[in-house]
Amino acid sequence: YVLIFLTGLPANLLALRAFIGRVRQPHPAPVHILLLSLTLADLLLLLLLPFKMVEAAYNFRWHLSELLCALTGFGFYSSIYCSTWLLAGISIERYLGVAFPVQYKLSRKPVYGVIAAVVAWVMSFGHCTIVIIGQYLNSTRETRNTDGITCYENFTDAQLNVVLPVRLELCLFLFFVPMVITIFCYWRFVWIMLTQPHVGAQRRRRAVGLAVVTLLNFLVCFGPYNVSHLVGYYTRKSPPWRVEAVVLSSLNASLDPLLFYFSSSAVR
């Protein structure tokens with residue numbers, strides 16, 4: 001958490017400045033609105049990391065208030081799942097820009113980027129509200145002891161009947177669906193960029209770099225945590241490596257600045 005915080009915060013703040021400048025220009029591209037939203041999602045996660053550091057320092061026991069426990073978890077997981085759909089939106093924009101360049105340029109409007117970003121935020125916050133607010137507070141009250149409480153870990157059987165299906169739905173709709181969309185779009189995007197003779201070597205390298213960083217985000221950062229949802233659903237308990245998977249999921253806040261570098265000349 002400390003390493004992610006120290007590397008991710010300054011890089012995302014610099015990216016925030018660059019994207020705000022781009023969005024303030026007349027007729028900003030939808031991709032810059034999506035990149036700005038992704039930066040804000042990363043900053044939300046990074047601002048919550050100090051609370052996760054305290055939790056990790058106490059062997060993943062929560063010694064702060066239950067309300068802060070719920071709000072931290074809500075913001076943390078909402079940021080993660082907002083990022084998956086924003087990454088998918090960026091991949092769609094990149095694919096359309098090279099597959100249908102004339103039509104896309106004529107129909108490109110900033111409002112499309114705003115709508116896509118709002119939908120991503122609403123979906124992530126809406127889904128995470130069900131788990132974090134609806135089940136979180138009840139579960140933490142039942143696990144209180146002198147060594148603090150556990151945050152979003154221990155549930156009764158009755159609560160698991162609600163939490164496990166919702167986790168499965170989160171995994172399928174907020175991880176696997178955007179990942180499949182992203183893989184398809186970047187596969188086509190990279191293929192077109194590599195096969196077009198007029199595309200320069202530098203643009204080709206940036207296209208490959210963009211696809212690789214995004215794929216690493218899904219497989220390395222978000223993958224293990226969402227696989228834990230599948231394992232938990234079928235075993236009716238969280239796997240022992242779930243804690244490490246949660247830590248790994250926050251690594252996207254450090255990887256995203258590389259994506260910004262490959263995506264935007266303003267950041268470069």
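Here the Cβ of each residue, glycine as well, is placed from N, Cα and C on the backbone.
Residues or ranges marked as domain 'G-protein coupled receptors family 1 profile' in TrEMBL: 11-260.
Residues or ranges marked as transmembrane segment in TrEMBL: 31-51 (among others).
Taken from TrEMBL, the feature transmembrane segment covers 71-90 (among others). Within its own chain, the transmembrane segment (71-90) is flanked in space by residues 31, 34-35, 37-38, 41-42, 44-45, 48, 51-52, 113, 116-117, 119-121, 123-125, 127-129, 131-133, 136, 151-152, 170, 174-175, 177-179, 181-182, 185, 214, 217-218, 222, 225, 249-250, 252, 256, 259, 263, which lie at least six positions past its ends and keep a Cβ under 8 Å from the stretch.
If you look up TrEMBL, you'll see 111-137 (among others) marked as transmembrane segment.
Residues 81, 84-85, 87-88, 91-92, 94-95, 98-99, 123-124, 127, 203-204, 207-208, 210-211, 214-215, 218, 222, 226 of the same chain lie 6 or more positions beyond the ends of the transmembrane segment (172-195) yet place their CB under 8 Å from a CB of it. The transmembrane segment annotation in TrEMBL covers 172-195 (among others).
Remote same-chain partners of the transmembrane segment (207-225), defined as residues 6 or more beyond its termini with a Cβ less than 8 Å from a stretch Cβ, comprise 80, 83-84, 87, 90-91, 94, 175, 179, 182-183, 186-187, 189-190, 193-194, 241-242, 244-246, 248-252, 255-256, 258-259, 261-263. Feature annotation from TrEMBL assigns transmembrane segment to 207-225 (among others).
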